[in-house]
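One structure is given here, and the rest of the page talks about it.
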Amino acid sequence: MAASELYTKFARVWIPDPEEVWKSAELLKDYKPGDKVLLLHLEDGRDLEYRLDPKTKELPHLRNPDILVGENDLTALSYLHEPAVLHNLRVRFIDSKLIYTYCGIVLVAINPYEQLPIYGEDIINAYSGQNMGDMDPHIFAVAEEAYKQMARDERNQSIIVSGESGAGKTVSAKYAMRYFATVSGSASEANVEEKVLASNPIMESIGNAKTTRNDNSSRFGKYIEIGFDKRHRIIGANMRTYLLEKSRVVFQAEEERNYHIFYQLCASAKLPEFKMLRLGDANNFHYTKQGGSPVIEGVDDAKEMAQTRQACTLLGISESYQMGIFRILAGILHLGNVGFMSRDSDSCTIPPKHEPLSIFCDLMAVDFEEMCHWLCHRKLATAAETYIKPISKLQATNARDALAKHIYAKLFNWIVDHVNQVLHSAVKQHSFIGVLDIYGFETFEINSFEQFCINYANEKLQQQFNMHVFKLEQEEYMKEQIPWTLIDFYDNQPCINLIESKLGILDLLDEECKMPKGTDDTWAQKLYNTHLNKCALFEKPRLSNKAFIIQHFADKVEYQCEGFLEKNKDTVFEEQIKVLKSSKFKMLPELFQDDEKAISPSSATSSGRTLLTRTPAKPTKGRPGQAAKEHKKTVGHQFRNSLHLLMETLNATTPHYVRCIKPNDFKFPFTFDEKRAVQQLRACGVLETIRISAAGFPSRWTYQEFFSRYRVLMKQKDVLSERKQTCKNVLEKLIEDKDKYQFGKTKIFFRAGQVAYLEKLRADKLRAACIRIQKTIRGWLLRKKFLRMRKAAITVQRYVRGHQARCYAKFLRRTKAATIIQKYWRMYVIRQRYKIWRTATIVLQSYLRGYLARNRYRKILREHKAVIIQKWVRGWLARTYYKRSMHAIIYLQCCFRRMMAKRELKKLKIEARSVERYKKLHIGMENKIMQLQRKVDEQNKDYKCLMEKLTNLEGIYNSETEKLRSDLERLQLSEEEAKIATGRVLSLQEEIAKLRKDLEQTQCEKKSIEECADRYKQETEQLVSNLKEENTLLKQEKEALNHLIVEQAKEMTETMEKKLIEETKQLELDLNDERLRYQNLLNEFSRLEERYDDLKEEMTLMVNVPKPGHRRTDSTHSSNESEYTFSSEIAETEDIPSRTEEPSEKKVPLDMSLFLKLQKRVTELEQEKQVMQDELDRKEEQVLRSKAKEEERPQIRGAELEYESLKRQELESENKKLKNELNELRKALSEKSAPEVTAPGAPAYRVLMEQLTSVSEELDVRKEEVLILRSQLVSQKEAIQPKDDKNTMTDSTILLEDVQKMKDKGEIAQAYIGLKETNRSSAMDGHELNEDGELLLVYEGLKQANRLLESQLQSQKRSHENEAEALRGEIQSLKEENNRQQQLLAQNLQLPPEARIEASLQHEITRLTNENLDLMEQLEKQDKTVRKLKKQLKVFAKKIGELEVGQMENISPGQIIDEPIRPVNIPRKEKDFQGMLEYKKEDEQKLVKNLILELKPRGVAVNLIPGLPAYILFMCVRHADYLNDDQKVRSLLTSTINSIKKVLKKRGDDFETVSFWLSNTCRFLHCLKQYSGEEGFMKHNTSRQNEHCLTNFDLAEYRQVLSDLAIQIYQQLVRVLENILQPMIVSGMLEHETIQGVSGVKPTGLRKRTSSIADEGTYTLDSILRQLNSFHSVMCQHGMDPELIKQVVKQMFYIVGAVTLNNLLLRKDMCSWSKGMQIRYNVSQLEEWLRDKNLMNSGAKETLEPLIQAAQLLQVKKKTDDDAEAICSMCNALTTAQIVKVLNLYTPVNEFEERVSVSFIRTIQMRLRDRKDSPQLLMDAKHIFPVTFPFNPSSLALETIQIPASLGLGFISRV
């Protein structure tokens, strides 16, 4: 197809633009050959007429389809040209934030000027082991490719990093070295990789500086060779440097700085150790202030200095040498401040005692006068004599600067040499990877000698790059058997010849330097004469005779000749160097040692690789004199030699290219300047790579990929069984010009543009198919719509007509009804009107008659009242008249009587005055006197009588006087009482008066109160009515408030529940974190242990070199024993014969007690809160259990068994003591004695054997005594007390329980002594029962013990009651606390919501704190009690043993033998197995070997019960516990643990083996728990199983050791299954098309990408499911705990999800809609597998949630704000970085999909900015969830277990 046919309407093209370099446009009409103008429509809306060049008639570049924009590899673009490359880079950099892009074999890296989270260790792990084309472009991918090719091809590699200053070369090189250091690791413990990375800060400080383009610009080139051994681990490194910019030491341009180290020194001048340097601010020194920019924004020079010193220390540079370096650097600064004074035009001088020079001489330890002299003079040597000539001020200044540059260059070389010495390895280097960080092509306004050398180096590198690209293209064509046609590419050999050939620029420069009077001008003239008009690449500027122009591969560069000769010669006066060599400062002469001998290639290191590891040739000075040979070499000559050496090295390696691009000159993050980018792309060779690729066949497809992509262009008849022939047939039909494509062996090669044409055909075909589908579907939809409308219309008509009929019928019914209603209504109206009138009439009549009656009544009433008034008035008038008449009559009477009385009075007055009156009166008086005389006589007589009577009466009177006196006294008393009563009466009267007054007042008040009460009543009634209304309102409000309170209470409850759940989750997370940290520590411990084993193995191999062809078992396999080996003397002595073959070096046994304590402490910290709660619960259960035991005692063994047990323990403790003494004797003899003393025939040995024999005999005697005592006790007990057997047994059965309950050691000792004393008591009463009376003594002793134990039981009962009372108090306090909580809740409900939440939180925090403190106190008390009881138990057990020993010593052996023993018949019972296995001590190694080391898991898992080895081992432990043999228990457990570790080390990569021993280790751990005797573990046991509990030893510490071992095995299991699953995951979950035809295949470019088509050997989802089934079936066969299986499955699914998601985040080609569908389908298959296995509740599905959400994110709409909101709410398991990364990577596979806009991604970022999640991009695929081993008791009875003969355990017997 002709290219012009593609220029159709709507085709998009690129046209040149002066601002944007290239601008996109769209054709408005088809192009026809011969057209001179193209009508274009620009993106900004303008139309443009683009005129074609009339000469070339070249059409503008076509634009690639949008589906290809943003590709990882530029060679995948259909149209390969400059605008396509530029646009692709811009889209990836700006829109997708991707800084790396492939361009064939080149990695283009654009500096983002921003820290990106893409260099972490997780990214390194993700790229490790991956193919280069499978992952997104990255510097790590290039490094991995180099590392992989080095390991695979056994060929050295190089990574060439180039670019402009500020493009990021140094950073890229550092990341590459970091990748090698992380992936490969170090071959020794010297941490070479850390030293390699530590060399970077040092080299940056002395070789980097701030420039106008870069704040950390490398001013030298370096090539670092990283050496590897045969196992591809780093063993060392070597560094070469090129062309240090020495001129920067003495001169800096504006806004630039000197080397960083000078400013770091000045910033640290105030440190005490730097005071001797006498430094200050950088502005005080001439060499650091010229640029005017001493500070870099965001950089702290003092901190950088600290890092530099730390790096020096890491590299082994001592403090003295560091201070020496700083002295020299400070001397250079002070030297720059040395000033000169002119004496005349040809001479100068330095002021006397010049301070800068004085400081310089002090620091350099040289003579001041001598240095002052030679700074102002020079020595000229001729053939005859030598002259000393003064120099001018300018010459002296130049000489000073030359000296400073020379010193700095020598110091730089010395540091590089020292770094190389440190990084050099004594081990032979097998291969290396070189990293070249060299300057890129440079062109400035003024270009000098440095730019000339830099561009010369870039010409050489570009030539090498072009040849390599050309070679790869040729190899690819030859590999695919494509006809090779010569591709024309730019060859820059002419430019290189112009520079370095004979009579080239460098030759002429060196020749001019040798001339005595050579100048820059004469050299320029020679250049013009030699090359001008003879070489097309050499030009002369029009307006200058001191410059020349060279046409480089990148651009034309004009060089100024001024300074070339001086810089090339690098002149330094020899006399100044001699002065420095004579310095007393030892380090300074070391710098100039090379001046005395020629530089040797091997002078830097002692390696045999002279050419590759030598110290680089450095620019050295060229002196005018000929005193030393090394100064004959000019800088240009040295640089050319070192460059040739570099090119030889690169040509001997496989190169990998990294081209760094600087996007803008202002260091703005993610800002792309097209002009600057194009300049650099042209300069770095990227476009040349594109041009070479485009000249041939740039687009390449495999036949399968081509068939999958363009299957739509084929007809069914075209599809053949052979894909290659099918593709050929189709291509011949589609593309007529056969030169546009070629068929290779495995690929189809296309010319540029052909893939775009095929994409156009495919898009047209798909578009036509879509149109046809749309047409059909739209017709079908419209037909369906029409039928629905027609059916709806008929239905509507039917319903409308029916509605109308119903309406008419309704109208008729309503008319009739209306008539009836009218009739009745009219009647009703008339009737109502009549009723109203009648009612009104009656009302009027009633009111009228009432009115008349009332009037008549009122009239009668008035008349009646008038009569009454008249009656009363008339009566009043009559009474008034009567009263006036009576008053007048009485007044007349009075007046009359007064008048009559006055008249009588006058008469009496007249009579009184007359004599007659007196006479009448005297007559009367005489009569009276006579009468009186008679009376006197009579009285005298009476007197006499009376006197007589008086005398009689005197006696009577005297008698009665007494009576009267008494009466008088009584009356007086009565009178007083009367007076008192009178007073009381008066007071009562007064009170009555007061009360009356109060009553009156009260009545008044009552009236007022009643009045007030009336008023108040009225007001109250009013108020009540108001209150009722308010009450109604309040009730409503109350109901509303109650409703609100209920809602708030619910909300608070929900909130508290949520907070509780969150806190619980947080605590669980903290617990998991602690558990994870602990398990990581175990993992690290096992890793270090393996490392120790490897080192021990290497040391063994180094010490004991095996014979050729002979391999023996690695003796270091037993090194694992150091972890759990206790210091057991018996084990050591018994293992002596078996260890004679081991090396002489013995491991130091680990302090097991310390290790166990640390483990125990970690466990306590891990489960602190749970343990506290368990302690409280256990305490309550113990109280309840003790009560239950008090009510009903269980039936236990009799007293004879207890006595037997005590006796047996006594003998066993003595036996144990004897064994320990024997072992101590053996150990002492083996350690202290000479070998001959401990020999079998030595006397000491015979003595020991005799002692051993006697002890053994005594032990046998004791055993026989035990048997006799047993038989006697049983038989005599049954014979004597047959009747009271029940009661006796009842009393004696309490003994065991009471002994177990005893807490006080004194009580147990007392009971035991009492029991012994009863045995020795008098036997007189005993003869009544038997001959020796032992049974009676025993019975009496038991009675005493029972009484003692009963008292102890009573005390314990009281203590239990006290504890119950305390618990009741706690319950009461809890109730009070509950009430208080309710009150606080009620109070909180009255608070506002914010204050309520804060108060509740505060209260909850306080409560939890108090609870934790209480629990901690209780736990501490419990721990103290436990420790106290353990100590007491040990103490009185020891005392009992001592007492028994003492008592046995008092009885002589003869007495025991002479004592008559009654023969007893011992009946043999039917054997009842106790679930124990007995073995001999010497068979322990055989047991471990047969049961662990040589056991095949497959046979055990299939044929025998699960966990059989664990049961067997535990039964052996039970027997050792039954024998109370702690040495045997310890030895067996230690051997078991170490043997398991040996098996796992030997076969640790076999899943079945690891799973088998994980299952058995857990079962062994569960058995130790189940039969430990602890109540928490015994509650699940049967009574028979409880009898099998361990009785003598507490193996809790060994349980912890086994738990740690199980954790290590689990982690190893996870690593094994991870290694198995890892290769399957990406292929099965991402690349394989489970749903065929959904995913499209896009062009892959030069980098090969893993095909998604299922070929042979390709893993699919079915492969993963089959592997999961295999894992699950193996674990089930091995009897692994179901909970543990769930944890393993959860871990497997996490690995699948994490690896899949990580690859998805790093692969742009996988982020598409169709791939999201594939992932969701694959995840659904995994979920279906979980459902089939009943593992949905294992938490495995939740681990896939991030992957599910990522797949959903690929499929959801991504346009509107609602879509953004939905994405933010949906993707809660993904981090913000992951969401943004997926959106940035989202790539449409077909043209019908749309890209995600940048604005939408910004919207997502804005919505997620408040989300607090990890900034880490990738999931940690190596993360292992903390494992737990829930207690899982076994229902299997130990006594029923049979040992199969296939295990080879015939030497053990069941007990």
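Note: Cβ is positioned from N, Cα and C throughout, glycine not excepted.
TrEMBL annotations:
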type	residues	note
DOMAIN	69-763	domain 'Myosin motor'
BINDING	Gly163, Glu164, Ser165, Gly166, Ala167, Gly168, Lys169, Thr170	ATP binding site
REGION	598-634	region 'Disordered'
COMPBIAS	600-613	compositional bias 'Polar residues'
REGION	643-665	region 'Actin-binding'
COILED	915-1105	coiled coil
REGION	1106-1147	region 'Disordered'
COMPBIAS	1116-1130	compositional bias 'Polar residues'
COMPBIAS	1136-1147	compositional bias 'Basic and acidic residues'
COILED	1155-1231	coiled coil
COILED	1339-1439	coiled coil
DOMAIN	1534-1810	domain 'Dilute'
### Query
How many neighbouring Cβ atoms, not counting its own, are there within 10 Å of the Cβ of Gly166 (ATP binding site)?
21
### Message
Let's see if you can do this one: DSSP helix, strand and coil counts over the region 'Actin-binding' (643-665), in that order.
### Response
9 helix, 8 strand, 6 coil
### Task
Drop a 10 Å sphere on every Cβ of the binding-site residues Gly163, Gly168 and tell me which sphere holds the fewest other Cβ atoms.
Gly168
## Note on the structure
Same-chain residues at least 6 apart in sequence with Cβ under 8 Å of the Cβ of Ala167 (ATP binding site), in sequence order, are Ala109, Asn111, Gly440, Cys660, Ile661, Lys662, Gln680
### Message
Restricting to the coiled coil (915-1105), what is the model's mean pLDDT?
### Response
78
### Query
Within 10 angstroms of the C-beta of Thr170 (ATP binding site), what count of other C-beta atoms is obtained when all protein chains are considered?
23
#### Entry: Remaining residues near the recorded ATP site, that is with C-beta within 8 Å of the centroid of the site residues Gly163, Glu164, Ser165, Gly166, Ala167, Gly168, Lys169, Thr170
Asn111, Asn214, Ser217, Gly440, Cys660, Lys662
### Task
For the binding-site residues Glu164, Ser165, Lys169, work out the Cβ neighbour count at 10 Å and name the residue with the minimum.
Ser165
